[in-house]
Amino acid sequence: MRTAQIVLPDADGLDAAVALLKADQVCAFPTETVYGLGANALSETAISEVYRLKGRPSWNPLIVHVADADMARTLAATWPDTAAELARRFWPGPLTLVVDRADHVPGFVSAGSPTVAIRVPAHPVALALLEASGLPLAAPSANRSEGLSPTSADHVVRSLPDVPMVLDGGRCQFGLESTVVDVSHGTPRLLRPGALSVADIRAAVGDIDVPEESTPAPGPVLSPGMGKRHYAPRARVVLVPTLDTAALRHLGPQLGILTHLPVNDTINQDTRVELLPADPSGYGTELYAALHRLDESGVHTIAVLTPPDDEDWLAVRDRLGRAVA
């Protein structure tokens, strides 16, 4: 049964959201990447509610959203020069920095890691909420664990019908989660590809370590989005090298297609086709919304034309690879 309220982010809506957050409850709100499920990052009671609502495993850390770099520094034990430069260049924006965690920040928010993941969102509603509450907000994507991230308020309530409130800020600008970079020690290391490109980060700070696969190293997990299965619709997802009719036939009836290239006339007219932009930025912006539409149409299988294998498509390939797992 749905109990969630979708609320306009006007003065009354923000006041109601702040009241929830200060009472150690949660509130979903828009960011430029996806909608987040926000809670007071300094309250273990509030953070526990995030994990409960999402069904999120305890090993998976949360990203803490703050109003500005000054607030970010209060949550960090150290603030390296690389963190300062990346924050100066890309905040507010879709970049999360992993730094050593200050003693007063609960380890629960970082799943026991000695670090903390922090970012300043570039969305007027998110920033207004952070300013009005005065709180750092732990805010993973506002959906059930392993499921599709929400890029609209409706997506949130379909996945989390019992969330107390959703501030409706319309569709998200980027549609993919933030890029996560570990700057706690030495050379910056990419933990999760996202809406900010590796090329942009490299241009700002020079060298960045980009692992061949975004898999966690032994020990505590430093970033969300590292689980083998993640970002998945209800329908089965299959990556295909071609949309040739013969290659699709074995996937069965009630098939949906997600592609960045036009389909040919031999595709069954009953097949639901989502044609996304052929550039990685446009594709990423539309990806989750298209997968939500395919899920809602009732298809059993989604055939995804494999995207190009180059660095510009890294975030898209990461999300699709985890949806397939």
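Glycine is no exception: its Cβ is also placed from the backbone N, Cα and C atoms.
Feature annotations, reproduced from TrEMBL:
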type    : residues                                             : note
DOMAIN  : 11-196                                               : domain 'YrdC-like'
BINDING : THR33, HIS65, ARG119, ALA139, SER178                 : L-threonine binding site
BINDING : ARG56, ASN60, THR115, SER141, SER149, ARG192, TYR231 : ATP binding site
Write down the Cα-Cα distance for ARG192 (ATP binding site) and SER178 (L-threonine binding site), rounded and given in Å. 8
Looking only at ARG56, ASN60, THR115, SER141, SER149, ARG192, TYR231, the residues listed as binding ATP, what is the longest Cα to Cα distance in Å? 24
In angstrom units, rounded to an integer, how far apart are the Cα atoms of THR33 (L-threonine binding site) and ARG56 (ATP binding site)? 20
Going by C-beta under 8 A and a gap of 6 or more residues, the same-chain neighbours of HIS65 (L-threonine binding site) are THR31, GLY36, GLY38, ILE118, ARG119, VAL120, PRO121, ALA126, LEU130, PRO136, LEU137, ALA138, ALA139
Ten-angstrom check, please: count other Cβ atoms within 10 Å of the Cβ of TYR231 (ATP binding site), all chains counted. 27
CB contacts under 8 angstroms to ARG56 (ATP binding site), restricted to the same chain and 6+ apart in sequence, sorted by sequence, are VAL50, PRO140, SER145
Counting only residues outside THR33, HIS65, ARG119, ALA139, SER178 in the same chain, those with C-beta within 8 angstroms of the L-threonine site's C-beta centroid are THR31, GLY36, ILE63, PRO94, THR96, PRO121, ALA126, GLU177
By a three-class reduction of DSSP, THR33 (L-threonine binding site) is assigned coil
If we take the residues THR33, HIS65, ARG119, ALA139, SER178 that the record assigns to L-threonine, their largest CA-CA distance in Å comes out at 12
Long-range neighbours only, meaning 6 or more apart in sequence with Cβ under 8 Å: which ones does THR115 (ATP binding site) have? VAL98, VAL99, ASP100, ARG101, ASP182, SER184, LEU222
Does anything in the same chain, at least 6 positions from ASN60 (ATP binding site), have a Cβ under 8 Å from its Cβ, and if so what? ALA111, PRO140, SER145, VAL221, PRO224, MET226, GLY227
